[in-house]
Amino acid sequence: MRVPEIPEETASPLRAGDPPAQVAGHPLIRRSARVPRWRARLADHDAASLAELLRRAGGTASAARAVSGKVVRHAFGAEPGAPAPAWDARALAALGVGAWAHEALLALDPAPSLEIAERAPAQDDTLRLVLRAGDGALIESVLIPGPARTTLCVSSQVGCARACSFCETGRLGLERQLAAGEIVDQVRIARALAAERGGAPLRNLVFMGMGEPFDNLGEVLKAIRLLTDPRAFRFAPSHVTVSTVGVADKIEPFFRDARAELAVSLNAPDDARRQAIMPVNARFSMAALKEAIARALPPGRRVLFEYVLFDRFNDAPEDADLLAAYVAGLRCRVNVIPCNPGPDPALRPPSAARLDAFVARLSGHGVTTLVRRPRGRDVGGACGQLAGMARLRQPEPA
């Protein structure tokens, strides 16, 4: 049997009741987990929040909406590689923006808030990026070229508090949330790099980088609204995927508000094994997760289940049977991902024979199944390997 393949695509504060789990001797939430409270950058605003800012500056609701649309198109609507648009009173006047709005708009910095700290090209042409924020926080993104389109793996937090045992980011703890503009700026930087490198344009975004997107859902949704705005970045909502470890109580708000697809990281066929590698399962069982998906999944939409395969842990034919039974009744597909080297040496990738047997068994149940092959593994850019903060957080020379 020929196994279908796709390239690897590496899509709000924690609630007070979440346990302060520990990893490697330190609390998972190491500093303030809040979003930075600055809103002085233009990319921190989608059209709606920009209109609200302008309304508070004295404009009528209709005038504020009209101006915000013009500004979004001017600031973010240019093709990749085009010069940065002018941002001064003359440029605003040329757009037809009245003087009443100039002060509020010109207080917003249109430049990206991130800078490239490291570029790590892989042998397969994947590019791992480490980006530095204004406060020194380090964020990783991964640019994954393909024949028809390039994919960017986007981060939503600095670190992560969810502590999945196969994920390097989970060992770092949660340092802080990313602001919407910092999420957007990952895309701005990557889109320019993709144009510079040639090849297929950046058209696909997956929130599968550092962090749990549902733990920063407000900023993630705001960023997605700007990224999918036809006046701005123009990403198709069907080409934006947000991956969650399974924070079940955020699934309904996500489907209500997001212009994006949903991926759920499952990784085990039963609660006992899932909880052994994913602490979130202690709060949201697999049954609760399935119920939340079934209740919220809009008509005509599908959910993507991600299933990282570990040798002799979750890769037996009987495990495929259990997984097929679990996803039965849901409009879905399953991405099977051979695990990459990570923090737990006991979790190893399966042999090719066990991988093929698992996929054949799952497909035999009528489950749409794809295999996601590793990309960027040699530079630490594959699924579960993003830990650039630890690599680069070195004392600065005196």
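Numbers run from 1 along the shown chain.
Cβ coordinates are placed from backbone N, Cα and C, and glycine is handled just like the others.
Swiss-Prot names Gly211, Glu212, Ser265, Leu266, Asn267, Asn340 as S-adenosyl-L-methionine ligands; from the candidate set Ser243, Ser285, Ser363, the record adds Ser243 to that same site. Of the listed recorded positions, namely Cys153, Cys160, Cys164, the sparsest CB environment within 10 A is found at Cys164. Most Cβ neighbours within 10 Å, among the recorded positions Glu140, Cys167: Glu140 holds that distinction in the structure as shown. The two recorded residues Cys160 ([4Fe-4S] cluster binding site) and Cys153 (disulfide bond) have their Cα atoms spaced 15 Å from each other. Within 10 Å of Glu140 (active site, proton acceptor), counting C-alpha to C-alpha distances, fall the following of the recorded positions Cys153, Cys164, Cys167: Cys153.
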